[in-house]
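Taken verbatim from TrEMBL:
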- 115-274: domain 'Sodium/calcium exchanger membrane region' (DOMAIN)
- 177-200: transmembrane segment (TRANSMEM)
- 220-240: transmembrane segment (TRANSMEM)
- 246-272: transmembrane segment (TRANSMEM)
- 302-322: transmembrane segment (TRANSMEM)
- 307-445: domain 'Sodium/calcium exchanger membrane region' (DOMAIN)
- 342-365: transmembrane segment (TRANSMEM)
- 377-400: transmembrane segment (TRANSMEM)
- 406-425: transmembrane segment (TRANSMEM)
- 437-456: transmembrane segment (TRANSMEM)
Amino acid sequence: MADASENFNNLHYQINGYLEHNLDLENNGNLIKTRDSANDHHQHHRQVLRTAHNMSSSSLRKKSDLSLLSNVRVGIVRRTLRNINEVVFGTKLSVLFPAIPLAIIANCYHFGRPWIFALSLLGLTPLAERVSFLTEQISFYTGPTVGGLLNATCGNATELIIATFALSKRKIEVVKYSLVGSIISNLLLVLGTSLLCGGLANLKKNQKYDRKQADVNSQLLLLAFLCHLLPLMFRCSSAASASPDAAAFAILQLSRASSIIMLIGYIAYLFFQLKTHRKLFQAEEEEVVDGGDDTVLEEAVIGFWSGFIWLAGMTVLIALLSEYVVGTIEATSSSWGLSVSFISIILLPIVGNAAEHAGAVIFAFKNKLDISLGVALGSATQISMFVVPLTVILAWTLGIEMDLDFNLLETGCLGFSILITAFTLQDGTSHYMKGLVLMLCYVVIGACFFVLRAPFQPTNVINLGLMKFSSGEVIES
């Protein structure tokens, strides 16, 4: 009996050991598979380039409450409602979305043109932020390189679409005003506000930023300024005054050639940013607070095709509102008593890029100046090196003679903005005084275009010494 009992116990131990061994192997295998699956999921959803532009826009997003959608049993309805919740109500600027249908209604029922203009501008603000959100969502599926290219293309979609509609209506001056205004606004207003607010909020902290990214952007901005300056200098030269028609043709040819060179430089900049020196432009994420309203999304919340369809729809709405803005800008100028140059250079960039600007200021408050600088300088570089030359090339294909001669006053303000920004960022440190000076420069430029009334009425008489100029005729007094 004792031998039988001992044999039974040994058999019992062997069976238990065998089962435990197999269970461990199975658990380890499942654990390995789970880890592999998690790694695949991680690679699928986290492989995206977090640029300063993405991080700035993410600061205006808010978490969507999806608890009510769990009661919806129809799958396609639940997914549709979830997408609407994420895209429409997933931003702090969702309160401005009603301006879009109001602008359409105002246009259909022939309301006052200033109302259409104002409502269209307000509607463009959340649309620009949502385009940034959707390009980031698509980037989760396409990878960092394609996502970076998509962000580089759609980052300033509003300015490009407004310029396209203005070109189609032969409003070349509006195109030039709006583009140069966007660059000046990013360099002086956005950067100045960020440095000022960041400096006041962090008085006892040593504010530093990486100069490498700022140096690259400053060089590209100076290249863009050279391409604007040469046509202006050529027009003011003695050779141009001797033969105005030949000079105008030469300026046009020079502008088109310079635009091609600028596009080549921008392509090289994208290769530099997305491939060889990617770490310089990748925003830091480790200090983002989890659980807050400004938590950075770590994975896609909508599908690839859903994001693509929403992006196409947002682009259509931006195009529609941009058409309203371009079509009503002259009537708004007359009604409000403001010049077209002031509306295009000052008002359009402030309202159209309000979401991006607010994001830059928010990160400056958190002492993340690299992100704020990336937003301001990156957007200015993209407009000057991509949107402006692309507009010139587009006008060339449409048979429209648009050059890079943006007139003396506009070119002077652009060059000054680039130079003072480069000087401000040369030491790698910041304080509130730097931001204040940049903002005051923007106020002075805004005041200049506010008092400017161009074009003048032909009946105006201007006294100059002993001469009178009236309607283009010279009359001896």
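In case you wondered, yes, glycine gets a Cβ from its N, Cα and C as well.
With a threshold of 8 Å between CB atoms, the same-chain residues lying at least 6 positions outside the transmembrane segment (302-322) that come near it are 79, 82-83, 86-87, 100, 103-104, 120, 123-124, 127-128, 130-131, 134-135, 137-138, 141-142, 154, 157-158, 161-162, 164-165.
Counted over residue pairs 6 or more apart, the CB atoms of the transmembrane segment (377-400) and the transmembrane segment (246-272) come under 8 Å in at least three pairs, which marks the two as touching. Here the transmembrane segment (406-425) has Cβ contacts under 8 Å with residues 176-177, 180, 183-184, 187-188, 191, 195, 209, 211, 214, 218, 221-222, 224-225, 228-229, 232, 236, 341, 345, 373, 377, 434, 437-438, 441, 445, 448, 452 of the same chain, all six or more residues outside its ends. Cβ atoms under 8 Å from those of the transmembrane segment (246-272) belong to residues 148-149, 152, 216, 220, 223-224, 227, 230-231, 234-235, 237, 239-240, 381-382, 384-386, 388-390, 392-393, 396, 401-405 of the same chain, restricted to positions at least 6 beyond its ends. Taking Cβ pairs closer than 8 Å, the transmembrane segment (220-240) reaches residues 183, 187, 247, 250-251, 254-255, 258-259, 261-262, 265-266, 269, 377, 380-381, 384-385, 388-389, 403-408, 411, 414-415, 418, 421-422 in its own chain, all 6 or more past its ends. Taking H, G and I as helix, E and B as strand and the rest as coil, DSSP gives the domain 'Sodium/calcium exchanger membrane region' (307-445) the counts 115 helix, 2 strand, 22 coil.
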